[in-house]
Amino acid sequence: MNKHIQELVSRYGNKVVENRRYLHAHPELSFQEEKTARWIRDALIKAGIPMLEGISGNSTVGYLKGERPGPSIGLRADIDALGLVEENKLPYKSITPGVMHGCGHDAHTAVLLAVAEILAAHRELIKGTVYFVFEQAEEFLPGGAVQLVKDGIMDKIDYMFAIHVDAENPVGTIDIEEGSRFAAVGTYDFKITGKGGHGGFPHTANNPLLPISHLISSLNLIPALKCDPLANCTITVSYLHCGIDGVANVIPEKAVMGGCVRALDTHLRDFMMSEVERLGRAVCAAYNCDIEVSTVYGYPAVVNNGNCVALMADAADELGITRLHVPPRLGAEDFSYFAEKKPSAIAWFGLADPSGTHEPTPHHSPKFYLSDEDGLPLALMYMLTVYCKACERFH
């Protein structure tokens with residue numbers, strides 16, 4: 001089987017790179033991926049792959065049924081880009097002003113489309129039904145996955161698999177572990193109202209910056225004093241707006257601050273969010289200021305299923321891909337909504353330049369770079385191997 005897959009990929013390797021570079025040059029923001037979705041749907045139609053009806057927005061779900069009985073396997077790729085100005089000097093750099101594929105969703109989409117086209121041409125590989133899930137808006141709350149779940153796709157799927165490209169580890173490496181791998185996230189926003197006045201008469205005013213200065217330090221004590229010291233969690237103060245630049249003698253009436261909460265356990269995230277709100281209200285009351293609190297409970301933690309992880313690890317070992325053992329990351333991923341419904345797993349797949357010519361770059365960077373010629377054919381071979389193993393292992 002491995003040799004057969006290798007032969008299929010060798011005939012398709014250039015196309016997956018070309019498709020990724022086309023997508024990279026034509027990025028679209030979350031919930032605005034109309035052209036990307038149309039491009040995907042046209043490719044599926046050309047390959048003779050039917051699509052589910054009733055799928056919302058710019059998400060697309062193609063599917064193929066095999067002649068042999070077997071499981072219903074979902075393979076997922078996210079399709080949206082980020083609000084970044086690309087700084088790479090590449091012939092396929094973004095031509096969309098202020099938008100860039102800075103997290104590798106172009107690679108995810110190109111690989112999944114290649115898997116779909118290969119399976120459409122070689123249906124003897126299919127057992128049961130395979131679903132190709134192209135998800136809109138992973139980067140922007142509430143995300144695309146939650147709506148796909150509402151659309152009912154997880155009622156059809158028994159197991160879900162995905163990769164996320166890793167621009168900081170080289171081609172030929174993978175990180176796939178059981179348990180919590182991405183954080184649960186939440187955001188908070190405080191609008192604080194005091195009483196404005198003259199800087200020379202502070203006793204006649206009520207400066208909203210005073211509770212904010214208290215909160216900036218106190219919020220960071222929640223992980224330290226309210227959470228298990230061994231828990232992976234953090235609170236970030238991300239923005240603060242108050243007063244007028246250069247106006248030194250006016251005490252402002254209003255101030256705004258906000259940020260995010262992250263934890264590898266969804267229940268811990270929920271507790272921390274409640275503590276953030278409680279502390280905000282208590283501190284503002286102590287300073288006799290009013291506060292308006294807005295919170296958003298974002299993606300739950302991604303919890304990889306042990307059986308799915310074992311399968312993905314076996315696929316990596318079969319292809320000679322080196323398994324890394326990287327601690328869980330506090331980035332968020334709405335793949336969690338799929339994993340809450342059915343056994344699922346997502347792996348970090350190395351796509352940094354193995355030669356070292358290009359320095360590894362962080363995700364969400366304007367210099368984000370993937371070694372696609374080296375890595376995408378391997379990613380394609382890996383996902384095909386994962387699918388074929390799932391057909392054999394799960395019944």
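Each residue, glycine too, has its Cβ placed from N, Cα and C.
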Of the candidates H164, H325, H395, which one does TrEMBL list alongside C103, H105, E139, H364 as binding Mn(2+)? H164
Please spell out the DSSP helix, strand and coil residue counts for the domain 'Peptidase M20 dimerisation' (187-279). 34 helix, 33 strand, 26 coil
If you count Cβ atoms within 10 Å of the Cβ of H364 (Mn(2+) binding site), leaving out that atom itself, what do you get? 15
Per-residue pLDDT averaged over the domain 'Peptidase M20 dimerisation' (187-279) comes to what? 96
DSSP three-state assignment (helix, strand or coil) for H164 (Mn(2+) binding site): strand
